[in-house]
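Remarks on the structure that follows.
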């Protein structure tokens with residue numbers, strides 16, 4: 001992916017050094033530039049594109065749930081790759097409307113919010129996507145554990161929502177508890193793999209778990 005020369009950002013009077021570094025990274029990130037050029041709301045769209053190219057997640061999907069939908073890049077990709085699919089998403093943050101996608105602004109961990117998702121989908125899901133991460137506090141292990149608890153809840157929800165043979169994809173932060181998640185998924189799915197798509201930043205601890213061929217039995221404690 002070709003990129004223009006590295007752009008530097010002058011530190012404004014009210015801008016911190018950290019925010020200046022973030023802005024400079026954004027300006028020089030080829031995936032940010034490509035997302036803008038192709039009309040995607042975030043560079044994260046290319047993570048799903050790359051995962052789909054490797055694991056064929058969207059081709060035959062008819063019902064899709066997008067957990068942590070904001071700002072909407074993953075659902076944009078799903079809409080494009082699976083135009084026939086019913087797509088339902090949820091996030092604590094507001095996400096601007098996407099044509100053909102039903103969006104709820106709710107806390108996913110609220111059982112009532114999960115009921116809304118299931119009702120709106122109108123049937124068993126073929127694919128549950130989760131790009132969720134807990135709000136960080138700056139303590140690596142605490143951030144890891146909080147995010148993993150969220151992902152495990154997403155996995156349990158997927159087991160209650162997917163059709164037999166369906167798939168679950170989730171963002172994971174490395175740090176130890178991810179091993180428990182993989183063990184859980186191996187009980188629920190016939191195939192569990194992991195990947196770090198090229199669009200994931202090298203310095204990030206994130207990776208993605210891809211669980212396919214759901215066995216058809218909901219998680220039992």
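Glycine too: its Cβ is placed from the backbone N, Cα and C atoms.
Long-range neighbours of residue 131 (S-adenosyl-L-methionine binding site) (same chain, six or more residues apart, CB within less than 8 Å of its CB): 44, 47, 66, 67, 68, 74, 170, 171. Secondary structure at residue 131 (S-adenosyl-L-methionine binding site), taken from DSSP and collapsed to helix, strand or coil, is coil. According to Swiss-Prot, the S-adenosyl-L-methionine binding site annotation covers 72, 74, 91, 107, 131, on the basis of sequence analysis.
Swiss-Prot lists 171 with the feature active site, proton acceptor, giving sequence analysis as the kind of evidence.
DSSP classifies residue 74 (S-adenosyl-L-methionine binding site) as helix under the three-state reduction.
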